[in-house]
Amino acid sequence: MNVLKFYIHEEEHAVKASDVSPHTTLNNYLRKKANLTGTKNMCFEGGCGACIVAAAIKDPTTGREEILAVNSCLVPLYMCSGWRIFTAESIGTSRTGYHPVQKALVQFNGTQCGFCSSGMVMNMYALYESGDFTMRDVENSFGGNICRCTGYRPIMSAFKSLASDASKEHLGTFSDIEDIPVCKKSKEKCEITCASPCANSKRSLCFDFGESKWYKVFSINEVLDILENYSDATYMLVGGNTATGVHRRTQEPDIYIALNNIETLLNYRMNDRNLILGANMTLTNAMKLFYKLSKSHQNFSYLSKLAQHIDLIANVPVRNIGTLAGNLFLKHEHHEFASDIYLIFESVGATLTLVGTDREETSTTLEDYLSLDMRGKIIKNIVLPALDRTYKYQSYKITPRAQNAHALVNAAFLLKLDASDKVESARIVYGAINPSFTHAKKSEGCLIGKNLFDNRTLQTLFQTLDEELVPNHVLPDPSPEFRKKLAIALCYKFILSIAPDDKVSPRNRSGGKIYVRPVSRGTQDYETNESLYPLTQPIPKIEALAQCTGKAQYIMDMPDQPGQLYAAFVLAKAPANSTITSINPNKALKMKGVKAFYAKDDIPGDNDFTPTEAFLEFSRAEEMFCSGVVKYYFQPIGVIVADSQELAEKAADMVQVNYVEAKEKPLLTIRDLIAAKSNKISQEGKRDATKKGNDIKNVIKGRFDISWQYHYAMETQCCFVVPSEDGLDMYPSTQSLGAAQIAAAKVLKIPTNEINVSVRRIGGAYGAKISRNGLVSNAAALAAYKLQKPVKLSMPLITNMNAIGKRNPFTMDYEVGVNDKGVIQYLNASLYTDTGSEGGNENPAAAILNTFGNMYNREPWDVTVYSARSDTPTATWCRAPSNTEAIAAMESIMEHIAIELNLDPIQVRLENLSQATPDVEKYIRDMMEWAEVDKRKKEIEEFNKANRWIKKGISVVPMLYPIPYFGYWHVLVSVYQLDGTVSVAHGGIEMGQGINTKVAQVCAYALGIPLEMVKIKPSNSLTSPNAVTTESSFTSEAVCLATLHACGILKERMKPVKEKMPNASWKELVRQCYLEYVDLCATSLFQPKLPDLNGLSGYMIYGMACAEVETDILTGVSHITRVDILEDTGNSMSPEIDIGQVEGAFVMGMGYWTSEQIIFNEKGELLTNRTWNYKPPGVKDIPIDFRVKFPKKNPFPLGILKSKATAEPPLCMSCSVAFAIRQAVGAARSEANANDDKWYPIDGPSTVENSFLNSLHDYKQYTL
């Protein structure tokens, strides 16, 4: 029997076919077989980066080993023959010393929740070990790594500090940590030795699994022999297996054939006429080759542009193993796939060489290839022609974010021009128009013999394209109108790019340019007080090293227990208001390894995961499992329990559920509910005007609509429950110890003290795990209780997005009367918040009414707020809930007034400020001076006058954010007599916000000991009974105050001993206290009636943000060129932690306002439910120049240690980006149609499509 051999770290692994199945991934093996849980997973499609590892792989064509970053979730284990695999655990440890990559990420405070950190480290490790690299290389290498916490700036600063051209002006501040030992080997590039002689031999392998086989082969003939011998079998040609990240396989094949070691398919050769590529060349190797050949072969200079386009495909780890032929085969199987490889190769006239089991080689065009029967055939070569200088070429890919996104539209143009600029030949190729469209053949024909640089020619061309392009519409793809107009605009952009200078207007010239993003930079400006260190000291998170080395343990990293089981939800696949008529799990239960199915009737106690005893502000029960009438599409119906996660998920799909659909269609938006005059809209509050003005010169009416936002915690909802001798030990990914305990007790109908809850850390939350985790943890608890077996339940990303609620949508209709200065004389505003199908518990209506316009003079305002219950998953708190929508809505009105009256938006705000908030004006003035706003506005005005198709915009948004005092959290401080070290346990949850770091700093400061003597222990329901939710940015402060009190209690107890030993060291003092029976363990409770809070119910946080953008009007793509943030933090307890919170919150908000779009179909089925189609910001979407400043000499006298909260407020200022885009687009609208409104309302995120269509495109405007 053949044995698969590979190395992980320094250890050889030998795997037999009986050990693991052919579809086992490297990620699964690392985590489940090798117990190396530093490597995470989340999306299972190569889109998040949590799973990235590095692999030393021998290139069959050169014999050299290269270290490559790969997505372990996509790599089949049987591809790894001969590989040496590196994970975060192996490249640096406290024993061997840390790798420079790990140290840098710690120094720059580049971790928060830490769930993405090992993937970040390993992606950078591969780049670091590959040779010299630049800062630009670093920023370009992380398109496949998502971080929701940090906003990326500190991560990029950390890794750019290792680049050959690193410069201080790009890096910002960082901690100079001398006590992190660096691995001596890593000061030079690590030497990679051969895994083993047998691993690199050219011996073919076959792994027989009974029902299927896996072949590793070294020649094309071997492939064809296998195909011939198994002519009736289903088979899969395995290149990089990256296509599974786009289209999941629904059925495993009979035969797998790995092509990675066939030199003929990896090599290239060339002559004067052609470049002949081995079709299985990886995208990365093709890019490198194209760049090299374009410099040395004049007639192949166009290859550099192909390489630039390939750089926009997926991400580095995917390109490292994804192949050219694999991409083309995906296009062959799925014509709707907008393949960039197909596009660029077809556009230059490439051909394919095919070979089948008859050994006959045939040549075909790529367009014809799509209609061929490819069974029994492989693509052997891709042949690219030489193109002399008479050919003009360019390709484009327009995406919803900068990297790792499929095309909204992609296009490529190849024209051959004679000496008089007449067109001799033309190739115009588009993707993402419709599945059968490739060439704009009529448009190509209309150009032949015409002078290209003639406006009459252009108008004929654009008119022909307008007639010829017929986009289809399949949600969630963008609208046909957008895609057609964008396709025409790209053609115009191409022509501008190649037109001679004397043929193009100077104002139009810039429209032909492709934006080249500069290397980003950031500055952080704050003050500290060394006399208080470690309090106020800028230090990284205390868990950072553990996170960067894979030692930090998360819920699903916990070792499996004997008899371990896994659970998966069965979801309703029917519209809201459908009635379930039957549930039949028999088919699922007959599957080997499936243990049980539980639904509503199996719950011993309450079918409710949001008990009012756990959430005092809650008023209604929310079903754990559907009780009969479906509340929303994908509502959980029950849970399947099985031997493995994969089996549980498969079995969940096998449960047969029958429904009777309701006659009425679901109402999915607030606008739907308003139009239907639904009784699901309720008035929640009202504020009447007390004093209206009569200087009404202008009346402005408008609307404002924003939708859902997915929290995008890198660790999805999960829980691990283990039956114990006194009940259940629960390890939920929750923000609330108390709620998890109470809900489980009520669901299972057992005493609360039989539920033991413990949480060390969670991998991000942002509000998603306050109440919604109860659904998951209670389902896991039910299964564990019923079966008396340990159960893990981890929601796959798609299930998580389908079933769990998101940020509340919000709608506003308003009419405002103003004078000539924009001063509001009256305002009538109706505000609506969507709480979802079972909404009411997390209803932000009252808070919205309170925050709406809270810095302005509200005397002339009539404002009514309503809640609406759409037929969608129940909405839940999301970072800065209620304040985000309330502040953005009011600021939108201010922007609308300014644009309508042609006034300065800042001045309009100043005219309307309330006299009760004088500090706001101070912050505005400070921002204007610090960020040089007036100067930049003048420069932008001049730029916009000089450029028709590139526009800039700038917006300044003020913020007044309320922080309430609330809570019930214990802190326990224990001092150990042997060495004086200290442990602290508290009732808060560490989820990336740095609560543990701040608590440790406060404890060390209060006791007067070094920070390294303090350790923070996991939060649990014994030391912190009845703990409420960690939320609202305030918990860190509250727990720090309780820590201060507990330390005060200890110091008071130790005082008599201290007085007898005034010169004793801390260690000596502790030892003596122990000998004199002094209690060295103290507990303290934070609650909002403590005298330290001076009777206040909360406080206000001030902030300002200035965002500047540059928008390409011909594509709709905006680049955030600069952001300045000024935030009131008081005396920051931990400045680097707080800087990270500010940057991370702002970038999360940027995503909400630009790229994160939630789309349902008419039945309420969520369509944007994976990394393929839901796009939070990436590394190259953040501000190019990102400046954050905390005001100096700004203590908050009434605050806890004179500090203020930071985690949520900055998100509210990110709407400045949407307003800056409107300023840029508004400049284009004025030129497109002076009679149309310059303002256009907020209607969801300012996506590429939204910006493009609102620029009022008409191809008749497209002139030279």
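Our numbering is plain: 1 for the first residue shown, then up by one each step along the chain.
Just so it is clear, glycine is given a Cβ too, placed from its N, Cα and C backbone atoms.
Cβ neighbours within 10 Å of Cys51 ([2Fe-2S] cluster 1 binding site), excluding its own Cβ and spanning all shown chains: 28. What TrEMBL lists as [2Fe-2S] cluster 1 binding site is Cys43, Cys48, Cys51, Cys73.
TrEMBL lists Cys113, Cys116, Cys147, Cys149 with the feature [2Fe-2S] cluster 2 binding site. Within 10 Å of the C-beta of Cys147 ([2Fe-2S] cluster 2 binding site) we count 33 further C-beta atoms, all protein chains included.
The domain 'FAD-binding PCMH-type' annotation in TrEMBL covers 207-389.
Residues or ranges marked as FAD binding site in TrEMBL: Lys397.
The feature Mo-molybdopterin binding site is assigned by TrEMBL to Gln735, Arg879. Within its own chain, Arg879 (Mo-molybdopterin binding site) has His711, Tyr766, Gly767, Ala1145, Met1148, Ala1207, Glu1208, Leu1211 as residues 6 or more apart in sequence whose C-beta sits under 8 angstroms from its own.
Per TrEMBL, the feature active site, proton acceptor maps to Glu1208.
Looking just at the domain 'FAD-binding PCMH-type' (207-389), the mean pLDDT is 95. Listed in sequence order, the residues Asn27, Lys40, Asn41, Met42, Phe44, Glu45, Gly46, Gly47, Gly49, Ala50, Asn71, Leu74, Thr1171 complete the 8 Å Cβ shell around the [2Fe-2S] cluster 1 site centroid, once Cys43, Cys48, Cys51, Cys73 themselves are left out. Here the CA atom of Cys116 ([2Fe-2S] cluster 2 binding site) lies 14 Å from the CA atom of Cys73 ([2Fe-2S] cluster 1 binding site). The two recorded residues, Cys113 ([2Fe-2S] cluster 2 binding site) and Cys43 ([2Fe-2S] cluster 1 binding site), show a Cα separation of 17 Å. Among the binding-site residues Cys48, Cys73, the residue whose Cβ has the fewest other Cβ atoms within 10 Å is Cys73. A distance of 8 Å separates the Cα atom of Cys147 ([2Fe-2S] cluster 2 binding site) from that of Cys48 ([2Fe-2S] cluster 1 binding site). Cα proximity to Cys48 ([2Fe-2S] cluster 1 binding site) (within 10 Å) is found for the following binding-site residues from Cys116, Cys149, Gln735: Cys116.
Here the CA atom of Lys397 (FAD binding site) lies 27 Å from the CA atom of Cys51 ([2Fe-2S] cluster 1 binding site). Ranked by Cα separation from Gln735 (Mo-molybdopterin binding site), the binding-site residues Cys43, Cys116, Cys149, Lys397 are led by Cys149. The [2Fe-2S] cluster 2 site, placed at the center of the C-beta atoms of Cys113, Cys116, Cys147, Cys149, has further neighbours from the same chain whose C-beta lies within 8 angstroms: Thr111, Gln112, Gly114, Phe115, Ser117, Ile146, Arg148, Thr150, Met714, Gly763, Gly764, Gly992, Gly1144. The least crowded of the binding-site residues Cys43, Cys113, Cys116, Cys149, judged by other CB atoms within 10 A of its own CB, is Cys43.
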